[in-house]
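K.L.:
Please find one structure pasted underneath; my questions will follow.
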Amino acid sequence: MKHLHRFFSSDASGGIILIIAAILAMIMANSGATSGWYHDFLETPVQLRVGSLEINKNMLLWINDALMAVFFLLVGLEVKRELMQGSLASLLQAAFPVIAAIGGMIVPALLYLAFNYADPITREGWAIPAATDIAFALGVLALLGSRVPLVLKIFLMALAIIDDLGAIIIIALFYTNDLSMASLGVAAVAIAVLAVLNLCGVRRTGVYILVGVVLWTAVLKSGVHATLAGVIVGFFIPLKEKHGRSPAKRLEHVLHPWVAYLILPLFAFANAGVSLQGVTLDGLTSILPLGIIAGLLIGKPLGISLFCWLALRLKLAHLPEGTTYQQIMVVGILCGIGFTMSIFIASLAFGSVDPELINWAKLGILVGSISSAVIGYSWLRVRLRPSV
């Protein structure tokens, strides 16, 4: 019991559980004895009906769209705190992750196109390496525990949120044909209500969550990635303290253990089970996986580092207080963990053309993401080594 308490008291415990869940999923998905059970679990239908409103999704989509919205709510709360009171409080500091995210999307896409531009079919996957899987990137960072400065974690969060927003916009513009404008209208009204609640000084968290559920449902029905609703709600919940209490900080404290020890491991278990059936190492030499690997492993850190360097040289932004440029470069490597968002974009790009291309894309995504995770973790472990 003592060892268990010590483990859960460690800052690295959440990251360790997430990695174990991901490894377990990979083993189960590729084992003849367990792959059927694993996929049956993910395909289990779960239906929610309130009056004429019906949401009918399988277990995988409920985890990715509903539970992960709670994770993004926590991320939104933490980033807002840093924007208002912490390391991103000045305009020039807040601009830094925005510029970094732009570079982290443009350069990987260009590098992918350098490999695939001549092929009109594989060229459609240009956005695959532009994405970052924020959950796995933070999970790898969490493995380093308390040696990671909080400001570095917040920078990664802010960068990855903007990266995700960029990916959502790319999906909506280039890979989605059936956006529901009526649902987007309902979402806009819900956001307006959240803004009014905030301006009127309403401090009851439950009211924001209730409107947030309406917002989440509208975003889900619109065809846009529903987790966006979590970030939006997080940004509107009041941070300012009154009588020594802050609704945002209180909710952040409540959500943290649920996210670290339940939601993120469940997300990893549901999404890391990529079947490698039909995938061979010989395929690594083809232009599709090579373009993805180059985009994630080289393009991400190169784009983030280059755009950050230009921003500093041109005085368009300042480094977040307490960080170094070298640390930002390593965070850029961790942003090469594209994983679930990259796989999602690959399925949209190639699903209706040639499903076999999705397998080759998965191979590139796995190699690029795992390499980025190992290199980023190892480099940070050396650079953030505690002084003896």
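Note that Cβ sites are derived from N, Cα and C of the backbone, with glycine treated the same way.
Keep in mind the model is a prediction, meaning the values are calculated, not measured.
Residues or ranges marked as topological domain 'Cytoplasmic' in Swiss-Prot (evidence: sequence analysis): 1-11, 81-96, 131-154, 201-204, 237-253, 311-339, 381-388. Under the heading topological domain 'Periplasmic', Swiss-Prot lists 32-58, 117-122, 177-180, 273-286, 351-357. Positions annotated as transmembrane segment by Swiss-Prot, on the basis of sequence analysis: 12-31, 59-80, 97-116, 123-130, 155-176, 181-200, 205-222, 224-236, 254-272, 287-310, 340-350, 358-380.
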K.L.:
Short question: most Cβ pairs under 8 Å with the transmembrane segment (224-236), which of 59-80, 123-130, 155-176, 181-200?
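P.N.:
Stretch with the highest Cβ contact count: 59-80.
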K.L.:
Could you tell me what the rest of the chain brings near the transmembrane segment (59-80), counting residues at least six beyond its ends with Cβ under 8 Å?
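P.N.:
For the transmembrane segment (59-80), the sequence-distant neighbours (Cβ-Cβ under 8 Å, at least 6 residues beyond its ends) are 41-46, 88, 134-135, 154, 157-158, 161, 212, 216, 220, 225-235, 237, 239, 248-249, 251-252, 255-256, 258-259, 263-264, 266-267, 270-271, 340.
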K.L.:
Quick test of the contact rule: Cβ under 8 Å, at least six residues beyond the ends. What residues does that give for the transmembrane segment (12-31)?
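P.N.:
Sequence-remote neighbours of the transmembrane segment (12-31) are 37-39, 135-136, 138-145, 260-261, 264-266, 268-277.
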K.L.:
Suppose I define contact as three or more CB-CB distances under 8 A, residues 6 or more apart in sequence; do the transmembrane segment (155-176) and the transmembrane segment (358-380) meet it?
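P.N.:
Between the transmembrane segment (155-176) and the transmembrane segment (358-380), contact is absent.
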K.L.:
Return the stretch with the most CB pairs under 8 A relative to the transmembrane segment (358-380), choosing among 97-116, 181-200, 287-310, 340-350.
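P.N.:
If we count Cβ pairs closer than 8 Å to the transmembrane segment (358-380), 287-310 scores highest.
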K.L.:
So which of 97-116, 181-200, 340-350 has the most C-beta pairs under 8 Å when paired with the transmembrane segment (287-310)?
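P.N.:
When the Cβ pairs under 8 Å are tallied, 97-116 comes out ahead.
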K.L.:
With DSSP helix as H/G/I and strand as E/B, how many residues of the topological domain 'Cytoplasmic' (201-204) fall in helix, strand and coil?
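P.N.:
Per-class counts: 0 helix, 0 strand, 4 coil.
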K.L.:
Over the topological domain 'Cytoplasmic' (201-204), what is the model's average pLDDT?
P.N.:
91
